[in-house]
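Enquirer: Sharing a structure below in structure tokens format, with a few things to ask.
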Number of protein chains: 2
Amino acid sequence: MVKYPTGSSAAFRKLNYNYQAKHQKRKHKNINFSDRGMNLEQMINESNKYYRTKEIAVVHKKPTPVQIVKVDYPKRSRAVIKEAYFRQESTTDYNGVYQGYYLDFEAKETKNKTNFPLKNFHEHQIIHLAECLKQKGICFTIIGFTSLNRYFVTPASAIIKAWWTKDKSSLTLKEVEDWSVEIKNGFQPTLPYLKAVDSFISDRKIHDDK
Amino acid sequence: MVKYPTGSSAAFRKLNYNYQAKHQKRKHKNINFSDRGMNLEQMINESNKYYRTKEIAVVHKKPTPVQIVKVDYPKRSRAVIKEAYFRQESTTDYNGVYQGYYLDFEAKETKNKTNFPLKNFHEHQIIHLAECLKQKGICFTIIGFTSLNRYFVTPASAIIKAWWTKDKSSLTLKEVEDWSVEIKNGFQPTLPYLKAVDSFISDRKIHDDK
């Protein structure tokens with residue numbers, strides 16, 4: 001294992017992706033961290049960088065929550081965390097601000113071609129999305145069907161409703177198509193999810209005007 | 001060092017505060033993580049919990065960013081991070097949503113009785129606040145003069161302006177008083193900072209109507 005005590009952030013980002021992929025894989029067999037090209041998280045991070053650079057929106061991925069147990073403070077060098085554990089996140093992965101609107105979302109991908117399994121979500125994420133919706137945030141999920149190379153921005157309300165529906169373990173592709181705005185991955189930004197957000201904002205304005 | 005591989009979150013929170021305090025102290029001698037009662041971070045976390053429980057606002061502290069280098073996956077137990085480093089944060093510590101408004105803020109405390117040293121901020125935090133302001137977020141800092149037991153909610157615009165003023169190394173208490181909304185710490189919530197946010201929102205509405 002190469003050490004990066006003062007390593008470049010690029011080197012770290014790569015490492016971090018690998019760790020997160022490994023860590024996630026242990027929990028969710030459905031999630032596909034494809035080695036071909038970028039995975040969904042990388043596409044969103046790239047898009048956020050583009051949106052921030054162009055002053056279109058400010059959205060960040062939250063750091064992975066870690067429970068720190070033991071830290072060493074060696075002389076003449078940085079503090080080293082010697083024992084820590086992954087904690088369960090109490091919120092979604094992404095939030096930020098766009099034209100005065102609060103954005104909050106989670107990104108999930110599946111290799112499955114016909115269904116999106118709801119077990120990809122944790123209950124606390126569903127609760128967090130519902131709390132933010134109550135505060136009039138723009139809340140959604142980005143669902144990637146990686147085997148189909150199709151990406152959908154689904155309003156949180158649809159996910160929350162399905163989650164609490166008894167005996168419903170997944171969304172069919174048809175349901176995802178009906179309830180979401182599909183976005184095509186491209187070059188700049190890699191995943192232009194704000195196009196879908198624009199349509200949610202328009203819908204809300206029409207609803208508020210009524 | 002006691003190990004908490006599956007430790008209670010309460011035990012961890014305490015530990016985490018201590019580590020953060022220790023870690024911060026190395027960098028900022030001005031910051032006072034008082035042992036008498038709660039420090040500023042604890043007061044804000046308690047207030048956020050209150051606001052969330054009462055469905056008034058959803059604001060979370062972001063996890064401490066950690067650069068993970070080495071992880072062990074022992075059989076029959078949780079993954080253990082064996083080597084990691086504290087990373088510099090690229091954003092502020094807190095963000096969330098309140099009545100449709102995006103909130104973004106940083107909390108800083110000082111033992112100093114007459115001045116608030118600007119070196120308590122990092123440049124990337126100032127840049128982040130400016131980026132969020134451009135997106136019409138409600139951006140501010142909570143400044144605690146712990147020796148005086150006085151707390152101020154200062155608009156980010158004032159901090160950003162002072163930060164870029166040549167030869168200005170601190171805000172005087174008088175400047176903080178003039179530019180901020182003072183809040184009294186109390187019981188529920190411990191630090192009712194949303195009162196100050198309400199006044200920022202009113203000011204903005206008046207400004208927008210003009």
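Backbone N, Cα and C define each Cβ position, glycine as well.
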Enquirer: Looking at Mg(2+) binding as recorded in TrEMBL, which candidate out of A:Gln99, A:Gln125 goes with A:Thr91, A:Asp93, A:Glu106?
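Expert: Within the candidate list, TrEMBL flags A:Gln125.
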Enquirer: Any idea what DSSP makes of A:Gln125 (Mg(2+) binding site), helix, strand or coil?
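Expert: For A:Gln125 (Mg(2+) binding site) - judged by DSSP and reduced to three states - the answer is helix.
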Enquirer: Quick check: which same-chain residues outside A:Thr91, A:Asp93, A:Glu106, A:Gln125 lie with their CB within 8 A of the centre of the Mg(2+) site CB atoms?
Expert: A:Lys62, A:Glu89, A:Thr92, A:Tyr94, A:Asp104, A:Phe105, A:His128, A:Leu129
Enquirer: Mind checking which of A:Asp93, A:Glu106 has the fewest other CB atoms within 10 A of its CB? They're the binding-site residues.
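Expert: Looking at the binding-site residues A:Asp93, A:Glu106, the Cβ with the fewest others within 10 Å is that of A:Asp93.
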Enquirer: Given recorded positions A:Thr91, A:Asp93, A:Lys108, which are under 8 Å from chain B when comparing Cβ atoms?
Expert: A:Thr91
Enquirer: What's the number of neighbouring CB atoms sitting within 10 A of the CB on A:Lys108 (site 'Transition state stabilizer')?
Expert: 21
